[in-house]
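Novice: Next up is a structure, given as structure tokens.
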Amino acid sequence: MNSSSSTMNEEPDALSVVNQLRDLAADPLNRRAIVQDQGCLPGLILFMDHPNPPVVHSALLALRYLAECRANREKMKGELGMMLSLQNVIQKSTTPGETKLLASEIYDILQSSNMADGDSFNEMNSRRRKAQFFLGTTNKRAKTVVLHIDGLDDTSRRNLCEEALLKIKGVISFTFQMAVQRCVVRIRSDLKAEALASAIASTKVMKAQQVVKSESGEEMLVPFQDTPVEVEQNTELPDYLPEDESPTKEQDKAVSRVGSHPEGGASWLSTAANFLSRSFYW
């Protein structure tokens, strides 16, 4: 068995590898290739059992991205250890609440990929209720907030926004729609949207307004109060979970890895697969 310390100077460690896979999976153009690769999907499954919680969370984020592609779901569901590993993450008492919710969502997506009868639907609902029980009362439901962010106009600003949102305890996921300067954020029901605005305002270069729909269905921008809101911060800075496919056209590629190209992604997949085989197969 190779220790991570012996290879750290030569190869990236587990967290950097899984984070790179997560970033590659964020680009819709890479998702099929990652799932078809012989080493990446099994590696992500093994990462779900990693002792380092950020590695587990990042692996789940990558899987959630991959599951957004409907063509991937059957293969993912049938991959050896996938569903069992997701169950283990959900049921493990030491798993953080947001991580359990993320694993539960992936499980439900894959479990429902070929469901056609009522029994299967009931099984999925039962599964969701069980996951909610594990999450506790403060995590029963999540809500989605759509933000229009003035100043969100390049990758450096997006990175600033990511860092600000990742610090907020209760943020489950977010995805960017750069073409329209928007961010779709999924948060726990007990977190106020004003906390998101305060975090974004703390960057000093961006300001958020909430996007809401009127009774007639028209979108409106609602400004937040300028009064800062006290924000409970994460101590371990978990990663985020992507939302469902954006209603805007996919070519926006708002969540693409910076500088990613199909050929570059394929090259990096080879590097990642090589690392996974060296690290996990013995």
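One-based numbering along the chain as shown.
Placed from the backbone N, Cα and C atoms, the Cβ positions cover glycine too.
Residues or ranges marked as N-acetylmethionine in Swiss-Prot: M1. Per Swiss-Prot, the feature repeat 'ARM' maps to 39-81. Annotation comment: Swiss-Prot describes T137 as phosphothreonine. If you look up Swiss-Prot, you'll see S189, S246, S260, S267 marked as phosphoserine. Among the features that Swiss-Prot reports, region 'Disordered' is placed at 239-261. Per Swiss-Prot, compositional bias 'Basic and acidic residues' is recorded for 246-255.
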Novice: So, by DSSP, how many helix, strand and coil residues make up the repeat 'ARM' (39-81)?
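Specialist: DSSP classes over the repeat 'ARM' (39-81) add up to 32 helix, 0 strand, 11 coil.
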Novice: Applying a 10 Å Cβ distance cut-off over all chains shown, what neighbour count does S189 (phosphoserine) have?
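Specialist: Other Cβ atoms found within 10 Å: 11.
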